[in-house]
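Presented below is the structure to which this report refers.
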Amino acid sequence: MKVGVVTFPGSLDDADARRAVRHAGHEAVALWHGDHDLKGVDAILLPGGFSYGDYLRCGAIARFAPVMTEVVDAAKGGMPVLGICNGFQILCESHLLPGALIRNDHRKFGCLDQKLVIESNRTAWTNQYEVGQEITIVLKNGEGSFVADEMTLDMLEAEGQVVARYVGNPNGSQRAIAGISNAAGNVVGLMPHPEHAIEDLVGPGTDGLGFFTSLGALTV
Amino acid sequence: MARVVVDVMPKPEILDPQGKAVLGALPRLGFVGVADVRQGKRFELEIDGELTDERLAEVNEMAEKLLSNPVIEDFKVSVVA
């Protein structure tokens, strides 16, 4: 599949994301925040970083970047979209996913190998995992605490839209939620970084690769 | 020209780690007796021309769409000049 990775001013993990996409056997296409052009891709990845310097709120300015018009339309049309870290924040600010991400409860930037449990494999990005499977990937953020009102949290749980949960709770996220999906399962937001865990040499293992090999493996 | 202020505050039920950090720092400087601190944002908007009801409604829209995130924050619009 052709997977577009959007670069915003302040994106950090766009190169790693493109590399992970290629590693999983897909073609990586660099997309630019200022273009109203998805270059014919089949899926979109919003990478981690500090788009627009995290000014105002994380992801708040990126949401209005020209390319996001097309991303939002494509997401609503069913195209697989994965937002990692800052990308997750952008998806929440764009209202493609419910809730918001606020500063870690311990107020420190966390950078660690984090254990997660996959809670749903009925998404475009997690279908290669088993439900209940434990994976270890990198978590690195200052504002990764997932919050939503109780009704939204209950809805996410009831509809199977909690995609991954932390083992332990490294940042005060409500119900230890690390990642969620939209109702259709094509849009996924994840705070930790699977793209940093695709090779044994330079990460905590290869547990993150499944997010990228899931693409195209199942129609959701 | 009119000045409109938009105050944005984290919702009461949302944890405010920045406010907590400030609260923790106050006693270290010898300031005691502060029970809680919440930290928000203040935007001062200089509006061209006359501030009509429509313009004010537009400021409310700006506050709702961009200046605040209604999931985690409340806002208040006040005309100051």
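If you go along the chain as it appears here, the first residue is 1 and each next one adds 1.
Cβ atoms are placed via backbone N, Cα and C, with glycine included.
As recorded in TrEMBL:
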type: ACT_SITE; residues: A:Cys85; note: active site, nucleophile
type: ACT_SITE; residues: A:His193; note: active site
type: ACT_SITE; residues: A:Glu195; note: active site
Separation of alpha carbons, A:His193 (active site) and A:Cys85 (active site, nucleophile) (Å): 7
The one of A:Cys85, A:His193, A:Glu195 whose CB sees the fewest other CB atoms within 10 Å, among these active-site residues: A:His193
